[in-house]
Amino acid sequence: MSNSRQHQGHFARKRFGQNFLVDHGVIDSIVTTIGPARGQRMVEIGPGLGALTEPLIARLATPESPLHAVELDRDLIGRLQQRFGPLLELHAGDALAFDFRSLAAPGDKPSLRIVGNLPYNISSPLLFHLMTFADAVIDQHFMLQNEVVERMVAEPGTKAFSRLSVMLQYRYVMEKMLDVPPESFQPPPKVDSAIVRMIPYEPHELPDVDPVLLGELVTAAFSQRRKMLRNTLGDYRETIDFDGLGFDLARRAEDVSVAEYVGVAQALAARRKAAE
């Protein structure tokens, strides 16, 4: 596989984190994993040169119910419009600022399926942005750096368990689906990749906790991950009765389960409300 940054006459742009998928066997496996069906409301983030776009459109799109795609590179937008016409509705812009809820069906029922080969340089911020639309989403399938996927699905007590693990596991059921080697791309990235499936919990399955408050607490806990929680969560000791919660501060952030973090965030919310 050539290391050239040019593919199909387009130069991959480093600032957009572009690595184009070119292995047709891998593409077929990804599409099979996604399982698109006619009439579904699907959004592709970063369609690039259309490697996934084409088989997705073949499986689900009609002029009345097109595949939606969010693309930042205006050079690619023109090519995609010309190639796919009314079967692809393109939204020019940055996925980090895009309102995905605007593409959902009317009503409260989740309707969006979101897919994409996400730019690795913005993957974590984009995953957090997408969390704000989780109630409108049926599922998500993303190509990501393998290291990021391993962190997403990591168990407590492992080195890979992180702030990303806690926040995403609170909101989604996640599963690593496929490994994708560098030679599947043009130009080949310097890292291994993987496909992850993310299914949001339904409202009745979610714990009653403020996600902003949970994020505040988890960020503090992991701010110095080699230190004990008595240090990183020290500012909360006057507010929260950790002993009463049975929460051991003589641990590191990676040793605490998602449920325990949720419990502490709930206790913090109750104390702050009582102090109002």
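Here the Cβ of each residue, glycine as well, is placed from N, Cα and C on the backbone.
Note that the structure is a prediction, hence the values are computed from the model and not measured.
Straight from Swiss-Prot, the features:
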- Asn19, Leu21, Gly46, Glu71, Asp94, Asn117: S-adenosyl-L-methionine binding site (BINDING)
Revision key, fill the gap. Leu21 (S-adenosyl-L-methionine binding site) has its Cβ surrounded, within 10 angstroms, by a count of other Cβ atoms equal to 21
Check your understanding: Which residue, out of the binding-site residues Glu71, Asp94, shows the minimum number of other Cβ atoms inside 10 Å of its Cβ in this structure?
Key -> Asp94
Point to revise | Span of the S-adenosyl-L-methionine site, taken as the largest CA to CA distance across Asn19, Leu21, Gly46, Glu71, Asp94, Asn117 (Å, rounded to a whole number) | key: 20
Review point. How many other Cβ atoms are found within 10 Å of the Cβ atom of Gly46 (S-adenosyl-L-methionine binding site), counting all protein chains shown?
Key: 23
Practice item. Name the secondary structure element type, per DSSP in three states, that contains Asn19 (S-adenosyl-L-methionine binding site). Key: coil
Point to revise | Packing count at Asn117 (S-adenosyl-L-methionine binding site) (other Cβ atoms within 10 Å of its Cβ) | key: 25
